[in-house]
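Undergrad: Sharing a structure here in structure tokens format.
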Amino acid sequence: MDKKIILAIESSCDETAAAVVVNGREVLSNVISSQIDIHTKFGGVVPEVASRKHIEAINAVVTEALEEAKVSLEEIDAIGVTYGPGLVGALLVGLQYAKGLAYSLNKPLIGVNHIEGHISANFIEHKELKPPFVCLVVSGGHTFIVHVKDFGEYEVIGQTRDDAAGEAYDKVARALGLGYPGGPKIDKLAKEGNENAIKFPRANFHDDSLDFSFSGVKSAVLNYLNKMSMTGEEVNKADVAASFQKAVVDVLTDNVMLTCKRKSVKRVAIAGGVASNSALRANLIKEGKKRGIEILFPAPILCTDNAAMIGSAAYFEMLNGLSSNLDLNAKPNLKLGER
Ligand code: KG4
Ligand code: ZN
């Protein structure tokens, strides 16, 4: 296929983002307007506030993405947009904007699954990367191990049964008084702590399952902090951060390595906000090396919510001959592989 330019829009949570991507791999612009400062005041994302802020930002963000890419609307081949999973009001802002553009320009609309977007960030970072590979998607809302069999063909091998990994980071950080978003703060503080200081539990399912559960370790941290406060003992926050992080990273790594073994795959890509975590990266590399498994991760700007990853996923959908109708609706609980 010749050169295809996609304008992509992402608004599923608290980032309003637009990007221009060529052939799914080359990013001409990647503009992200973050609402973190506003949500920090509330200790987490407030859905109604998120929708309103997306409405305020979207036009400027799309305009900036086009200007930075030096591409006009007429030169765009298709418009890619996240339509799920995510916050319904937030998704609708980006989706309605994209539909309006597609209709007025008479260009194809390509609805993209946000998780598929996270996975596709790896196609931007690693220009030669092709399936099959195993992808660990770890973000504030999702925790999945996916066997990427082909472009657009996914098998979910394991997922969280309760909290997402990033959610656990955020809740533990809040209990430690570190602020929101907690992941990067715990990552940093843990470097000064002893990861073996406190033994926090790892969820173990007795059924061969590669699912995750992070609410147990989160509650264990909260109970530990309560107990310390009741007995008047001083808490070493760095030790708590390091020990909690070890519990999370151990189980993520174990399940990824088991997936590779079961599927006979030697390549792992990670994705999502938590993929920026330094301990997770280091541990995956260490365990991967022992088994001859290559570990790939995108640059932090492609790990966090962004629209370039949506533009990449949209391109491969387009290559598969897929596009969406203008009656496409937001799907807050959209599953991976569902159309
Ligand atoms: O992918 P993302 O930007 O948004 C969602 O789709 O959720 O992920 C945000 C999540 C937050 O929970 C944040 O605390 C976490 O990713 N995160 C991290 C790190 N950087 C971001 N968690 C652990 N270590 C990090 N370095
Ligand atoms: Zn995300």
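Cβ from N, Cα, C; glycine included.
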Undergrad: Which single residue out of ASP305, ASP327 does TrEMBL record at the Fe cation site shared with HIS114, HIS118?
TA: ASP305
Undergrad: From the candidates ASN30, ASN277, ASN283, give the one listed by TrEMBL for the same substrate site as VAL137, VAL138, SER139, GLY140, GLY141, ASP170, GLY183, ASP187.
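TA: So, going by the record in TrEMBL, that would be ASN277.
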Undergrad: For the domain 'Gcp-like' (26-311), what's the mean pLDDT in this predicted model?
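TA: Mean model confidence (pLDDT) across the domain 'Gcp-like' (26-311) is 94.
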Undergrad: What Cα-Cα separation, expressed in whole Å, is found between SER139 (substrate binding site) and ASP305 (Fe cation binding site)?
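TA: Distance between the two Cα atoms comes out at 9 Å.
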Undergrad: Let me know the most crowded of the binding-site residues, choosing from HIS114, HIS118 and counting other Cβ atoms within 10 Å.
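TA: Highest number of other Cβ atoms within 10 Å: HIS118.
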Undergrad: Select the closest residue to GLY183 (substrate binding site) from the following binding-site residues, measuring between CA atoms: HIS114, HIS118, ASP305.
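TA: Result: the closest of the binding-site residues to GLY183 (substrate binding site) is ASP305.
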Undergrad: With every protein chain in view, what's the tally of Cβ atoms within 10 Å of the Cβ of SER139 (substrate binding site), excluding that atom itself?
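TA: Counting Cβ neighbours of SER139 (substrate binding site) within 10 Å gives 24.
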Undergrad: If you check the binding-site residues VAL137, SER139, GLY183, ASN277, ASP305 one by one, which have a CB less than 6 Å away from any atom of ligand 2?
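TA: Cβ under 6 Å from ligand 2: SER139, ASP305.
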Undergrad: Give the maximum pairwise CA distance in Å, whole number, for the residues VAL137, VAL138, SER139, GLY140, GLY141, ASP170, GLY183, ASP187, ASN277 listed as binding substrate.
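TA: The span, Cα to Cα at its widest, is 18 Å.
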